[in-house]
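A quick write-up on the structure given underneath.
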Amino acid sequence: MQSLPTTYQELLSRVTEGGSREIFDPATEELIGLAPTATEADLDRKVQAAREAQVAWAKLSHAERSDYLMKAADAIEATAEPLAELLSREQGKPLNGPNARFEVGGAVAWTRATASFGLEEETLVDDGETRAVLNYRPIGVVGGIGPWNWPMMIAIWQIAPALRMGNTIVVKPSEYTTLSVLALVEVMNTALPEGVLNVVADSADRALGPKMSVHPGFDKLTFTGSTATGKKIAASAADSLKRLTLELGGNDAGIVLDDADPKSIAEGLFWGAFINTGQTCAALKRLYVPDSLYDAVCEELTAVAQNMPMGVGVEEQNVLGPLQNKAQYDIVADLVQKAKDGGGRVLLGGTPDETAPGFFYPTTLIADLDKDNPLVVEEQFGPALPIIRYSSLEEALEEANRLDVGLGASVWSPNLERAREVAAQMQAGTVWINKHGAIDPRIPFGGIKQSGYGLEFGVEGLKHMGVPHVICE
Ligand code: NAD
């Protein structure tokens, strides 16, 4: 077991050892370091190591595994600054604001919370004649495939409940944010037994994900990423009937009710939409505002948005960063162009400086868009929010619910009873009131429709990392 790295340079040199694939900072386009690349044989070796380690790990009690997780959380906390710096350089997100330091803090909090939940066996029937008891047992070896937007936090959402439940795991980070997850695993492994937590680094052509979804050594895959990739995984995992948790894309709607106060909700709306510079699965991606408040909400939101500094992540004043990669930059630029072509009124942003280094797209607010405009009906996953006018609440609900995804949604009103009534009619896994995307390790989270299936977080999340086991007498 290695000691904890104490500096960014030490952490970086450990995770780039033997690497050959260049990783660039999306803010400066400067080289950060060389990432290693695992072969199919490396994947087989890691799966084998996980399988061997699983036997002893599953024999530990929940309390013993929780104790290991608590120590892993302490290790992350002790290395928080080097981890945040690496995350900021590789992902692009600023150190400050709800970004890199926040993400590392979230990784600590989620690990501790997941270690602390009770999961008691449940007596289902005990009537003198029949006694049935439900328990959750380990599944075996779990494969975790992750995206590039919140690479450390999402890796933890896969790792912590899988380990807590007595599984071992092999995680595969996105090829865009490999170093961040290698670093997280390096740090956690200073506290965990060998073979329990494993990581494989992908190649630039994303070769490993498809291999994982057909690999016979995985009993379950937990995937966070796009709906398109989720469908491919479901199809290729069908042959061995691997268990799946699929946390996929969304296009979350927010509905402002006509009794809301535009000034007091503006900052909440802003961060709901622009957290992690819009690169968040459950971010507010379409905002529906009634005629009576339309101009005021546009004005207040613009006032908040124009004061939020965007820039290089490791410069302390910034709270918004670049898009993580050129492909995502192109998606955002294309959708904003289509919004302008479709008659959208640009309230803020909309014109990137193409001569500057980095994949920066300015904070963009677009009003007066048609309900069918691509910026409304497609997931932008970046800093461009469409604000759509509505005349009746029925119409707003119909528009909010019409898409084939349903991850999160929100309702904004000081009248909680009324907000709850509207929330009950919104088609999403989670509906927030007067906030958006406010996830919590105690509260289950997951999508409906094509945003996926399965739950993460809380006791429900633990159950999804186990197999039900009933003893009936
Ligand atoms: P992506 O689907 O392109 O890639 C995700 C991961 O899948 C990467 O590790 C990639 O290498 C791997 N992969 C690619 N092809 C594969 C295949 N055929 N088989 C197996 N694995 C494969 O997603 P992304 O661009 O990294 O992430 C952005 C998307 O993720 C957005 O749609 C966003 O909404 C979604 N997301 C969802 C959640 C959630 O909790 N629901 C959270 C974060 C991001």
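Positions of Cβ are set from backbone N, Cα and C atoms, glycine also.
Remember, TrEMBL labels are computer predictions, not curated facts.
Over in TrEMBL, the protein carries these features:
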type	residues	note
ACT_SITE	E247	active site
DOMAIN	20-465	domain 'Aldehyde dehydrogenase'
Restricting to the same chain and to sequence separations of six or more, state which residues have a Cβ under 8 Å from that of the residue listed as 'active site'.
I154, T222, F223, T224, G225, C281, G446, G447, S451, G452, G454, E456
Average pLDDT across the domain 'Aldehyde dehydrogenase' (20-465), rounded to a whole number:
97
Does DSSP give the residue listed as 'active site' helix, strand or coil?
strand
